[in-house]
């Protein structure tokens, strides 16, 4: 809600809480979005008759001529320091609650099955404790978060000596009045109860935010200090003969900005309170308190967002910290991982399959060969999986079946052509002799009409008769069956018309075999391969060389040399938002550095079995050793090897004259 009405502060806050450096070109985009968001949010309030016009969300009426006295600055500084400790305690308590729940294996397992149970239990506990007729009457439980913040920023003093009878209440401020306890007890109970309840409520998996609860707690703490100052100085602070009363609402503004800044490790919370209240009269106390609170909180605990990142074990890059000069002596070669997963340019699909099975890296390095290790680029894991799936997928297997069927068809056509030629040759040999018929006792009574014989070459051959192939129909089976050799009535009629008698040889009297050959159509084919055939086919496909032509390769992955310092590496990772970088030496891949190794080096937890140790080569670069000595690297060795060779240069005039003579 606070970010919806804060244009400048919302953009600055988003810049401060980002883990990487904010791009300057995105400034106008941030202000554009924040401006329209604030405009729509406030216009809706006017349309809903909640406001008369567009104004501040928590409008205050502090005096402008003398908002605070110089003697009040120590009190504002105390608010900042105390808020720093309170912000660190809030982050620690939040992380402690999460770790406690995770360590209870039985409870954690039960809550994972019943995901709505934990939010319901937390909601029941908080609502029970803040129930207004119950314990909530001692901590203004009937007020909402917005109403409580409006009353805390009120510029009127609630009590002169903390006595309930002298309580001046207006509107919702009467919720802070109780006949048995004074204002200070109510504020203390409100701060303590809201503190641990907010830390508990931020652990539930509900995106409700943690900024506004902390903001309200800080305002209550500032109000407590302001009411205490008003009780200690009931007549105000005398300055040059003029009496100015204490304004507790100003202390509430300072406390809200200081505690929220301490929890989030941001300074833009000071701008947030200015835009929320619509006044900048307390800009100096607010800035002092926020800076002191950040200095204390950052030295004790990480911010709430960084703490959540660490709890969820998300990749992040911590800051280098103050005064750790020994970390500047650490090099990339001390912390890099030397066992790099890579693929070569001439690898086969089996190597690709093994690399994908053994690791879960998002990108893999592509080198020229295992001997040279020249880094050519990097390939994403999804691209490699796509290559492997294309090589072993069903479409390629169907293509193999189609090619195999086409080869079988070609072989069958060759065999059929040879058979046709053999039959034609036999038929031509049979008709070279004339057959004469003689009467015998076994002749039939019915005379057989004779027809003139035709030469064999003029006779229409059944085999040579072309068969019309119907056009390809859209068959769902995907397989077209065509009979090349089969008997038909037309063929029998042709044989009768030709009047060719079958030879009397018993071998030739055998009925001819009908051969049915399935021809694969150009359309879809049916996958009729067995599991064993598929396994053999996949093994053959894995032995083929990988074709990287259809793969997206990053030709320029980010590279570091092995002598890059930790400080420079941290700066590069922060500026560019990198998650890993390859380490090369004269173009050869020798290692890789990720956020994990960089974080361990910065935190000093380059560990072996849980014991903190220094990097293995850092002892050779202590601050006491001379840094002027040249350290031998691969580049130095290469230079020493070719140092005797002279560089080519143009001949001078004297040398040219000597050559001419």
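The backbone N, Cα and C atoms fix where each Cβ goes, glycine too.
What you are looking at is a predicted structure, and each value in this text was computed from that prediction instead of being measured.
Listed ranges 52-70, 147-165, 204-222; the one TrEMBL annotates as transmembrane segment is 204-222. Below 8 A, the CB atoms of the transmembrane segment (204-222) and the transmembrane segment (73-95) form 3+ pairs separated by six or more positions in the chain.
Counting Cβ pairs under 8 Å to the transmembrane segment (276-297), the stretch among 73-95, 116-135, 242-264 with the most such contacts is 73-95.
When Cβ-Cβ distances below 8 Å are used as the criterion, the transmembrane segment (73-95) is approached by residues 195-196, 198-199, 202-203, 214, 217-218, 221-222, 225, 229, 251, 254-255, 258-259, 261-263, 284-285, 288-297, 300-304, 307, 310-311 of the same chain, each at least six residues removed from its ends. Tertiary neighbourhood of the transmembrane segment (116-135): same-chain residues 110, 141-142, 193, 197, 200-201, 203-206, selected by CB-CB distance under 8 Å and a gap of 6+ residues from either end.
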